[in-house]
């Protein structure tokens, strides 16, 4: 950085501190990842200067010929990746992508069926503290108490009972494959629209490692970070029949000018997602998750649903004498970043929780493989077994730093 240290040393120091934290801590938050240098360059470009309300060829400002090209490239790439009929790449976030879909098909007070946040859903799938729960009448499906997986017969019965106008599938903490075809059948049976929020699994879907929702859903929303390894932002895929309505819902419905520097970074990430290397990377994310899950279970931890099919796992800590909140804090003190997370039927409040959520995308980006995952699982076990012992946490922190040195975030090939 050439100018920032002199212009704003406080912000410069905060950024350098975050760089150090990312480089010398183990990032296991399932929704976080490290973008490529190319994505960073695009997002830090002069495109941040340009206002471009509207869409390519139909802007409300002049001088948009180059940002038009950027947005067209981003739209075409994401359509190609997922085989979609229409794409909108302007949503600033996954939440705004979801809001746009709701604005297209729902009126305030309409019935909607979504996944219970406490069972792995998302705030924007009807939580009462979120706009979705305030504007619409959400009913919730969850997981089976015994299998801790979605019971599609129960979803079907609930849908027939509440007759939702929209069914939402997708999750923020569900470690198993979601059967989008079954959800689509349920939606068709009750005459509902069907939307999938694939934010967490977008990279896996792009690589063909999780069934795609695109053939089955009227609308598919996603973030561009997480497994897709792009900048923080969102996008919407839909059938052509909804294209005009979706575009109007995003602009002028809920947003003004698009963030063209972020859309450029999205385009770069989409190009990266079209490579054979990206598919191998996604395969490794899953292999790493399975290796870590197996090692944690070998060490005596109970995982929700007994394992994982994707990039994340939920660890139930109820029999370990430690809450999710305490575990998150202890691990952070040892240089390992996870997040406290509710488990299904959790007796603890959401600010405390009985579990932690662990994901492997960021460590996989660093080049770590199965052996490192098993080692990290043992480090987690060492901390959680001695979570009040500062000497143990300091020892593990040094081991974490040594491991991180072997796998720098921005190697030459990144």
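Glycine too: its Cβ is placed from the backbone N, Cα and C atoms.
So that you can see what the record holds, here are the features copied from Swiss-Prot:
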- 117, 121, 122, 123: (6S)-5,6,7,8-tetrahydrofolate binding site (BINDING)
- 226: N6-(pyridoxal phosphate)lysine (MOD_RES)
- 225: site 'Plays an important role in substrate specificity' (SITE)
(request) For residue 123 ((6S)-5,6,7,8-tetrahydrofolate binding site), just give me the three-state DSSP call. (result) helix
(request) Reduce the DSSP letter at residue 226 (N6-(pyridoxal phosphate)lysine) to three states and note it down. (result) helix
(request) Using Cβ-Cβ distances, find the residues under 8 Å from residue 225 (site 'Plays an important role in substrate specificity') that belong to the same chain and are at least 6 apart in sequence, listing them in sequence order. (result) 31, 32, 33, 35, 231, 232, 233
(request) For the recorded (6S)-5,6,7,8-tetrahydrofolate site formed by 117, 121, 122, 123, name the remaining residues of the chain with Cβ within 8 Å of the site's Cβ center, in chain order. (result) 114, 115, 116, 124, 125, 126, 127, 130, 171, 172
(request) Give the helix, strand or coil assignment DSSP yields for residue 117 ((6S)-5,6,7,8-tetrahydrofolate binding site). (result) helix
(request) Quick one: pull the CA-CA distance for residue 122 ((6S)-5,6,7,8-tetrahydrofolate binding site) versus residue 226 (N6-(pyridoxal phosphate)lysine), whole Å only. (result) 15
(request) Could you tell me which of these binding-site residues, 117, 123, has the greatest number of Cβ atoms within 10 Å of its own Cβ? (result) 117
(request) Using a 10 angstroms cut-off on Cβ to Cβ distances, just flag whichever of 122, 226 is the loneliest among these recorded positions. (result) 122
(request) Would you kindly give the Cα-Cα distance separating residue 117 ((6S)-5,6,7,8-tetrahydrofolate binding site) and the residue listed as 'N6-(pyridoxal phosphate)lysine', rounded to the nearest Å? (result) 19
(request) Count the Cβ atoms, other than its own, that fall within 10 Å of the Cβ of residue 121 ((6S)-5,6,7,8-tetrahydrofolate binding site), considering every protein chain shown. (result) 25
